[in-house]
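What TrEMBL annotates here:
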type	residues	note
DOMAIN	50-477	domain 'Major facilitator superfamily (MFS) profile'
TRANSMEM	51-72	transmembrane segment
TRANSMEM	110-131	transmembrane segment
TRANSMEM	143-160	transmembrane segment
TRANSMEM	166-188	transmembrane segment
TRANSMEM	200-220	transmembrane segment
TRANSMEM	232-256	transmembrane segment
TRANSMEM	309-329	transmembrane segment
TRANSMEM	341-357	transmembrane segment
TRANSMEM	369-386	transmembrane segment
TRANSMEM	392-413	transmembrane segment
TRANSMEM	456-475	transmembrane segment
Amino acid sequence: MTYNLDELKKRSVVASTSHNISNNLKPAPKHEKVPESAKTITEITRTHRTAYIIFVSLLLDLLAFTMILPLLPSLLEYYRKNDNQLYGYLANSIKQFQLWIGAPERFTSVLFGGALGSMFSFLQFLSSPIVGALSDYYGRKPLMLLCATGIAASYGIWAYSESFLLFVIARFVGGISKGNVSLCMAVITDVSNQQNRGKAMALVGIAFSLGFIAGPMIGATFSRFSDKTGTLWFFAPAMFAMLLAVADILFLVLCLKETLPKEKRSTRIINSLSHAIDHISIRALFRFSAVENLSQKDVRSLRRLGVTYFLYLFLYSGLEFTVTFLMYHKFGYTSIDQAKMFLTTGVLMALLQGSVVRRLPDRLVKTSAVFGLYLIIPAFIIVGLAESSPVLYLGMILFAISTAFVVTCMTTITSKYGDFHQKGTVLGVFRSLGALARAVGPIVASMAFWSVGARFTYIAGGILLLWPALMLQYLKL
């Protein structure tokens, strides 16, 4: 989910730096000297108003997006029992193999859920760089509105998806429209400088935390009062999600101003699109081909970091995605029970990120990332072995603690590579590797869950996570 962040950061930094230098070179009148100096520092470090607009927009989007998480197992069970067209055809197609390996029929929904999750993430992986490139040419606001409209349309299709085919189409439209998250990053890059960009990006993290805490609870509340034996029992939560998406569109129309003026836009759309290809080509991603003029030592370190990050998120995202099905099929959790689990882990992650992770000194960042990678190993093994809710909660609490550290710390390590004008490209490639991992992980983990069961899947996944942990521990930065 990246864009031409290298070019964006150059523009924002050069503009802000030249403005600040010119201000500092102007002699101020004696009686205004101290106040003017204080005013300049305040203006440099103050978070831009647009960052708060992006925060609200992202929060509305994520509340709608996360509502479906506790509903997904019930949704797929609904299609398993009521759809004899696409779902029935696919189920019959794998029937022989299912009987051969002895996979329970009720786990077929896990397999199809993983396929949907990977499809959504893969479309997001493809669309985000292209949408970013188009925004470099046409401007941010038009593309933000286009993405938001597509997302609203996907919820509208979901509301009337009596058949599994319509539900798949809804997820397809939603996935290809999900470039808005990376566009939000580009907007923040446009309006921030080196001094205040960290604070602005922190608002994005807060929006994600709040979205993943409140969204599942909203979805579970709708589920609790829905009659799942009726047709289109999911109509109400889908329409509420669409209402949030429409509110986001109106909010953007009324409040968001264009942050990339015409004189700073790409003059040729083909140049922007060709750069986007570097964030889609798998070979180019792992080689960090988009990053130029780095020493061979730094390039080798970046490539190893990239492989470590990909392996971690590939395993992590698959096990994370299937945990809702584990709760549903093995423990009989209702949507409310699942939402309580998401609430527990979400609050714990938000507290750790807000109080500990963001205050980590540089010397402890790598150590904390390695700690998080090792902690996720027993977390998933405990989840796999769990036979009761308290044990499952223990595994998920360890999971939350690990999650709070790993991605943030690994991103911080990666951001140290390259000159300031190169960091956007470095982080862009890094995030694209993560998006690719999330596109592959859910389907692989779901296939394992379906064919060999949850216990083996989680224990094997936990043990395999030892690989990226060792890679990062012994990586010389």
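Yeah, the Cβs are placed from backbone N, Cα and C, and that goes for glycine too.
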Contact between the transmembrane segment (200-220) and the transmembrane segment (369-386) (3 or more Cβ pairs under 8 Å, separation 6+): no
The transmembrane segment (110-131) versus listed stretches 51-72, 143-160, 166-188, 392-413: most Cβ pairs under 8 Å: 166-188
CB contact flag for the transmembrane segment (369-386) and the transmembrane segment (51-72), at least three pairs under 8 A: no
Stretch of maximal Cβ-Cβ contact with the transmembrane segment (232-256) [cut-off: under 8 Å; candidates 51-72, 309-329, 392-413, 456-475]: 51-72
In contact by Cβ distance (the transmembrane segment (51-72), the transmembrane segment (166-188); 3 or more pairs under 8 Å): yes
Contact yes or no, the transmembrane segment (392-413) and the transmembrane segment (309-329), 3+ Cβ pairs under 8 Å, gap 6+: yes
Rounded mean pLDDT for the residues that make up the domain 'Major facilitator superfamily (MFS) profile' (50-477): 87
